[in-house]
Amino acid sequence: MTYLQESSRPAVTVPKLQAMRDAGEKIAMLTCYDASFAALLDRAGTDVLLIGDSLGNVLQGHATTLPVSLDDIAYHTACVARAQPRALVVADLPFGTYGTPADAFANAVELMRAGAQMVKLEGGEWLAETIRFLVERSVPVCAHLGLTPQSVHAFGGFKVQGKTEAGAAQLLRDARAIEAAGAQLVVLEAVPTLVASEVTHMLKIPTIGIGAGADCSGQVLVLHDMLGIYPGKRPRFVKDFMQGQPNIEAAVDAYVKAVKDGSFPGPEHSF
């Protein structure tokens with residue numbers, strides 16, 4: 001059995017994402033951890049596959065993403081890349097792997113050798129030097145602002161960020177800083193809709209929302225969440241796309257369509 005894709009769909013590249021944003025075409029992103037799902041998500045037209053440290057939650061059973069190692073991400077990145085998807089492959093730099101620019105570069109190189117085409121890291125102004133260091137060395141970077149799960153203990157839990165005037169102002173400063181440093185994409189997680197909208201209109205790079213309203217350039221969900229596979233309480237920003245669908249591929253098709261036509265997320269999925 002092979003998972004290699006035979007598709008006439010043009011490959012999604014970093015410049016392609018920028019062109020989509022500039023043209024007003026929504027970007028559909030999902031997490032992905034293996035070759036079989038990479039092939040399925042790619043057939044459905046998913047634009048970006050994220051090998052997220054969320055695998056610590058949904059695959060390994062941890063309460064947070066903190067135990068996930070670089071080897072874990074590299075292994076699952078290689079699994080996804082073997083399917084040769086047309087979607088852009090983005091891999092998370094896990095907790096503790098980008099404390100210095102040099103560490104970030106060495107670890108990003110390992111993920112790119114495994115098949116990543118971009119790396120994602122969590123943080124704002126304080127990461128500007130690291131982002132610039134990576135970009136200058138040909139490593140495309142996706143930043144992650146708002147609720148950054150690797151900071152769960154610093155935040156005191158999984159809480160909406162940017163709700164106060166001071167918090168919103170800091171988020172705007174962070175967004176300006178990461179763009180100026182060269183980030184080509186930014187995820188906004190659990191951010192009030194109005195703040196995320198302001199960030200999206202302020203920046204020239206694409207924004208990807210998760211619990212950040214419908215004005216972002218695109219949306220992302222954890223694959224298991226959008227398929228209704230989650231323990232405990234469902235986060236507000238999650239919609240179960242398996243409901244009413246005959247199979248997983250139809251559910252993914254429905255997700256991609258809903259992101260593209262702007263029907264997801266609705267107000268009930270936002271803050």
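Placed from the backbone N, Cα and C atoms, the Cβ positions cover glycine too.
For reference, Swiss-Prot has these:
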type	residues	note
ACT_SITE	GLU189	active site, proton acceptor
BINDING	ASP53, SER54, ASP92, LYS120	3-methyl-2-oxobutanoate binding site
BINDING	ASP53, ASP92, GLU122	Mg(2+) binding site
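Feature annotations (Swiss-Prot) mapped to structure.
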residue: ASP53; record: 3-methyl-2-oxobutanoate binding site; DSSP class: coil
residue: ASP92; record: 3-methyl-2-oxobutanoate binding site; DSSP class: strand
residue: LYS120; record: 3-methyl-2-oxobutanoate binding site; DSSP class: strand
residue: GLU189; record: active site, proton acceptor; DSSP class: strand
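Comparing Cβ neighbour counts within 10 Å across the binding-site residues ASP92, GLU122, the minimum falls on GLU122. Cβ environment of LYS120 (3-methyl-2-oxobutanoate binding site): LEU50, GLY52, VAL90, ALA91, ASP92, LEU93, VAL141, CYS142, ALA143, HIS144, VAL187 lie under 8 Å away, each six or more residues apart in the same chain. For the pair formed by SER54 (3-methyl-2-oxobutanoate binding site) and the residue listed as 'active site, proton acceptor', distance between Cα atoms is given as 13 Å, rounded to the nearest Å. Applying an 8 A CB threshold to same-chain residues 6+ apart, the list for ASP53 (3-methyl-2-oxobutanoate binding site) reads THR65, VAL68, ASP72, ILE73, ASP92, PRO94, PHE95, PRO149, GLN150. The residue listed as 'active site, proton acceptor' sits 11 Å from GLU122 (Mg(2+) binding site), taking the CA atoms of both as reference points.
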